[in-house]
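**Student:** Okay, handing you the structure first.
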Amino acid sequence: METLVALMVGALVAAAVYLMLARNVLRFLFGLILISNAANLLIFASGGLTPESPPLIEYGAAAPPEGVANALPQALVLTAIVIGFGLFAFALVLVYRGYQNLGTLDSDEMRLAEPEERA
Amino acid sequence: MTPAILLPLPLILPFATAVLAFLFRRNREGRWISVTGAALMLLAGIALLARVLAEGPIAAQMGDWPAPFGITLVADTLSAVMVVITGITALAVAVYAAADITAEMEEQGYHALFQVLIAGVCGAFLTGDLFNLYVWFEVMLISSFGLLVMGGKRIQLDAGIKYVTLNLISTILFLSGIGLLYGVTGTLNLADLHFAVQDADPGLVTVIAAMFLVGFGVKAAVFPLFFWLPAAYHAPSFSVSAVFAGLLTKVGVYALMRMFTLVFTQDVAFTHGLLLWIAVLTMITGVLGAAAQSDFRRILSFHIVSQIGYMVLGLALLTPLALMGAVFYLVHHIIVKANLFLVSGVANRIAGGTDIERIGGLYKGAPLLSLLFLIPAFSLAGFPPLSGFWAKYVLVKASLDLQLWWVAAAALAVGLMTIYSMTKIWGRAFWAPHPTGALPRLSSLPLGDRMALLLPIAAMATLTVVIGLFPEPFVQVATRAADELLDPTAYIAAVLGDRS
């Protein structure tokens, strides 16, 4: 199971890097979404994918019994998904506003903040 | 006050201020909420530092879950010093913003975002576990995104796209590193990791260390990952770029210092050897970039890059003296750099621009401002007796102690080049007459604005001079911070209690 997920993470990262090498900012963003999902899967897999019982603690006990799944990676991934979602929503709106105002999605044509050096 | 109150206070105060400032954003007096909040946060930081200096590192477990399972807040000397310096910068910029930020930006919630940014920075300094460090980085990032594009000028959108995308990549690398480190060691508490990595496969840990190096390296703007910085820091309003220049990259440096003294010390020859090369190349490329620019703020932005190199150099050498120099440099740099950006804002207001080819006459028209520029500029370049001289002197001495002649030579040469680009600003913007013949005068500003703009600049310049003339107490605190970094026993004992 871990091997399968690891291969999927690899495939996602490869696709993401391919997309991010594009000059089109929108393609770059799609690549970013892919690679961020790859990172989430990576955390999930590195916590161990165990087909065990859910991590429920009996009433009155301080710790779960032996042989339950690790709940921490799920908590971490959930946080990371929420944060990532917020950031992408912002980035998408920013690129849209940029497209409206700058009239281009080509990163090579965005030279306002980094003007060409005057000879 | 118990640590359980003292430690979260520098986080709660800015968050509370942010909520209040947001509620009163349509009220012109809302800005004084921001100033009061920053002042209270500074006081909380000073109380924290006093406590840490008296008792050594302190820690608090949020929600009473024992470490390493719960969320830990921890402050050693370095964290406490950073919180205090954050408070100083926040207060100075909050006062400055009263005259610099337009009513339109205030209505969009500038003060609330600014306070959230400060909370994020303090959180990153105080957190004791890696995943929370990630969360605080995100708090800091999302508010900085908002501040960067606020106002919506075309140049800001362009700069924003570059800043946002490159920072997101670094965040994802950092997050992947966290995932892998958790997979290898089974813990994310920094103090616990100190032991856990020693049992792990050293090869794997070194790979993960390299991922963290790249992730934090982007945030700290080291060579060759710094290109987003000079593309972004000159675009937003002057208050925003001052707080970015002072604090944001320094959080990256802090994270590097924390991780590469507390956790990743299992293969010093590789990791810190790499850091040494990065440090020297960062110093040199940054200062060469600055020499090629003609915009006031872009010159200063490239200087941030070269100065980051000095701090990373202190970390890379990893001797008590070098680390002391890095901590001292960090504090000195935040004050000086934020101040220079504030000066550039006043120059823009009275001379009508930041392109040094198109302005001039500032010395003739505004001699006071010129003096206030010269103090931080000389300090940055390392003239005695200002604070930058001691910071550079210590780092050069530390490299000479290790027989690294070429490193010391590079550090000195970069200092000389810094003077060159500072004289460029001085010669064109201050000394030469204004190209249109106009005479920029401070008296052209309303009295209230003049006070709000010049008071923070003068206060920070005074602080630079005080550090320079009486370096002894500052050196002592920095030495203590360095000792704690090199021997984290007290830090670990504070976090883990008896378990260590």
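Placed from the backbone N, Cα and C atoms, the Cβ positions cover glycine too.
As the structure is a computational prediction, the values presented were derived from the model and not from experiment.
Per TrEMBL, the features are:
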- B:6-25: transmembrane segment (TRANSMEM)
- B:73-98: transmembrane segment (TRANSMEM)
- B:110-127: transmembrane segment (TRANSMEM)
- B:128-414: domain 'NADH:quinone oxidoreductase/Mrp antiporter transmembrane' (DOMAIN)
- B:133-151: transmembrane segment (TRANSMEM)
- B:163-184: transmembrane segment (TRANSMEM)
- B:204-226: transmembrane segment (TRANSMEM)
- B:238-257: transmembrane segment (TRANSMEM)
- B:269-292: transmembrane segment (TRANSMEM)
- B:299-321: transmembrane segment (TRANSMEM)
- B:368-391: transmembrane segment (TRANSMEM)
- B:403-422: transmembrane segment (TRANSMEM)
- B:451-470: transmembrane segment (TRANSMEM)
**Student:** Counting Cβ pairs under 8 Å to the transmembrane segment (B:451-470), which of B:73-98, B:110-127, B:238-257, B:299-321, B:368-391 comes out on top?
**Tutor:** B:368-391
**Student:** By a Cβ-Cβ criterion of under 8 Å, what residues six or more beyond either terminus of the transmembrane segment (B:163-184) are in contact with it?
**Tutor:** 130-131, 134, 137-138, 141, 144-145, 148, 193, 197, 200-201, 204-205, 207-208, 211-212, 214-219, 225, 227-228, 231-232
**Student:** Under 8 angstroms for C-beta pairs, at least 3 of them, ignoring pairs fewer than 6 apart in sequence. Is the transmembrane segment (B:73-98) in contact with the transmembrane segment (B:238-257) by that rule?
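**Tutor:** The transmembrane segment (B:238-257) and the transmembrane segment (B:73-98): touching, yes.
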